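Comments concern the structure below.
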Amino acid sequence: MFNNCSKNCAETNNVCNRETGACKAGCKPGYTGAKCDQTCDLGSYGLNCSSQCNKQCGGQDNACDHINGTCKNGCDQGYHGHKCLNNCSKTCARKDKACECLSGKCLEGCKPGYYGDKCLNNCSKNCAESSSVCNRETGACNAGCKPGYTGAKCDQNVIGLIASKIRAMCYGALQACELGSYGYRCSNHCSEHCGQPDNACDHVNGTCLDGCDQGYYGHKCLNKCKGNCARKDTACERFSGKCLEGCKAGHFGDRCLNNCSENCSGPNKLCDRKTGACNTGCEPGYTGVKCDQKCQQGFYGKGCTKPCSDHCAGIKSLCHHATGICNLGCGPGYQGDLCTHDCSHGTESVSSRRPWPVTLHNWKNGCAESVSHRP
C-alpha cells in the first residue's frame, strides 16, 4: 500500500493510486513522471513540461524556472522581462540597445528626440530646436518652445491656455486644482490607483500622470487587470488592459476573458492562449479549431469521421453526434445502440412475413418477438 502521494500531483488533495503512487490527474506545472517526482528537463517548463524556455534566456543553456519559465541567468543582450520575451527599445542610446533585464530601462539613456525610462516617448514637436531635443528623463524642452506654445514640454497652446483661464475666471477658479483633485471646481479626486508616489492626475480631465498601480489600467486607472493574466501580479498594459505575459492555462485572448472550449480534448481542456484553438484536438462529436461545432449531420465520434448506421430509423439515418446512438431507434431487422446487430433468435424482422398468422408481437427496436400458431 502506497502511503504518501506526491505533493506535486495535480489535484489539491494530492490523489494518487493507492498501490503504485501514480498521480491520477497528472502533475502540477514543472513536474513529470508517474508519481510527479521529477522536474522538467533543462530547457522546458510548465504543465506537462510542454513549454520551452525562451531562446533569449541568458547563459549557454538558456535555463529557466521549471515551473513558470522565468529565465535563471537574465536575458541575452537586447531583451528584457521575466521570460526575456520583450525587445529593448530601439531608441535606447547604446548601439547594442542594452536595457535592464526586468524593467527594460535603457542603460545609458535615450537617443536624441526621445525620453523616459524605456525611451518610448517622442520629444514634443513644439520644442524650439528643429531636432525637437528634450531632457531624456523628463521630456522638458531644452531650448524652450516654438512661438505659440508654453509649458515644460511645450504641450500647451498659448491661445487655448488663455481661453481656459477665461473659463476658469467664469467658474471663479483661476488657479489649477491642488494635487489629487481635478475637474469642475476641483470637485473630483484623482483615482487612488494612479501611479505612486502621489497619485497625481491631470487637473482638467483626471488622466493619471505617472501611469497606474500594478494590476490596474485605463486613462484614470479605474479598470482592474483580469485575474486570468498569467503573471501572479496580473500585470497588464496601461491603456489597453492586455495581459503582459499572456493568459493562465484554460483562458485566451488579449485580456484573457475567454475560456477554452469545454469540448477541447484532454483532462485540462487546454487551448492556444492567443487564438483559443484546442491544443490536442476535440472531444468526440465536435470539430473546428475551437471545437465549437458539432459533427455534420450523419456523422459522429472522434474527428467526426464515423458515419451513422444505415440501419437507424428515419429517412436520414440520424444519430447522436458524440456516441453514434440512433436518434429514433433502429429500422426493421436491426437492434442495439448503433443498430448494427441483426434481429436475434426468437425475434423476426418487422417487415418479415410468415404463411401463418401472428397473434402477438412484443416490439423491441426494429425487431419483434412473435407468439404465433399454425392454422
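Numbering starts at 1 and runs along the chain as it is shown here.
From the backbone N, Cα and C atoms, a Cβ is placed for every residue, glycine too.
Please treat TrEMBL annotations as automatic predictions, because they have not gone through curation.
The domain 'EGF-like' annotation in TrEMBL covers 4-37 (among others). When averaged over the domain 'EGF-like' (4-37), pLDDT in the model lands at 86.
Annotation comment: TrEMBL describes 87-120 (among others) as domain 'EGF-like'. Residues in the domain 'EGF-like' (87-120) partition by DSSP class (helix H, G, I; strand E, B; coil) as 0 helix, 7 strand, 27 coil.
Distant neighbours of the domain 'EGF-like' (122-155): 93, 109-110, 112-116, 161; these residues of the same chain sit at least 6 beyond its ends, with a Cβ under 8 Å from one of its Cβ atoms. TrEMBL lists 122-155 (among others) with the feature domain 'EGF-like'.
Broken down with DSSP, the domain 'EGF-like' (176-222) shows 3 helix, 10 strand, 34 coil. Per TrEMBL, domain 'EGF-like' is recorded for 176-222 (among others).
The domain 'EGF-like' feature in TrEMBL is assigned to 224-257 (among others).
Per TrEMBL, the feature domain 'EGF-like' maps to 263-305 (among others). Within the domain 'EGF-like' (263-305), the DSSP-based counts of helix, strand and coil residues read 3 helix, 10 strand, 30 coil.
Residues or ranges marked as domain 'EGF-like' in TrEMBL: 307-340 (among others).
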*asked:* For the domain 'EGF-like' (263-305), give me same-chain residues lying six or more residues beyond its boundaries with a C-beta closer than 8 angstroms to one of its C-beta atoms, as numbers and ranges.
replied: 25-26, 47, 230, 246-247, 249-253, 256, 316-324
_Counts of helix, strand and coil residues, the domain 'EGF-like' (307-340), according to DSSP_ = 0 helix, 7 strand, 27 coil
